[in-house]
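If you check Swiss-Prot, you get these features:
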type    : residues : note
MOD_RES : Lys4     : N6-succinyllysine
MOD_RES : Lys4     : N6-acetyllysine
MOD_RES : Ser31    : phosphoserine
MOD_RES : Ser33    : phosphoserine
MOD_RES : Lys35    : N6-succinyllysine
MOD_RES : Lys35    : N6-acetyllysine
MOD_RES : Lys42    : N6-acetyllysine
Amino acid sequence: SVVKSEDYARPSYVDRRDYPLPDVAHVRHLSASQKALKEKEKASWSSLSMDEKVEKTVVGAAMFFIGFTAILVILEKRYVYGPLPHTFDKEWVAMQTKRMLDLKMNPIDGLASKWDYEKKEWKK
């Protein structure tokens, strides 16, 4: 059998988190229905059928309401909700954790079971 080598003259597609939308198409060989859809994308909006116009309107309305909801959430977080309680401060959490360790709370399988009381450090 003959091994086919990759064409390195063309850009290659790789799924990576740091580059989510590469310049390469996900599908290299389009089917007949996909080619027809590509040609339809180039046409005018007025050439759409009534069902397609209704579908476009529904999707547009859904996106509008999702965006409006996002704006409401941002405004609520900024102007409605107050600041976080002092118990969320890092210093408070550190004091609370130290107190839990001093009281040896849940020594079997909890936080105190992972603390070495002789060395005063977390077990490894």
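Glycine is treated like the rest: Cβ placed from N, Cα and C.
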CB contacts for Ser33 (phosphoserine) [other CB atoms within 10 A, all chains]: 8
Per DSSP, three-state class assigned to Ser31 (phosphoserine): coil
Spatial neighbour of Lys42 (N6-acetyllysine) that is closest, considering only the modified residues Lys4, Ser31, Ser33, Lys35 and their CA atoms: Lys35
Integer Å distance between the CA atoms belonging to Lys4 (N6-succinyllysine) and Ser31 (phosphoserine): 23
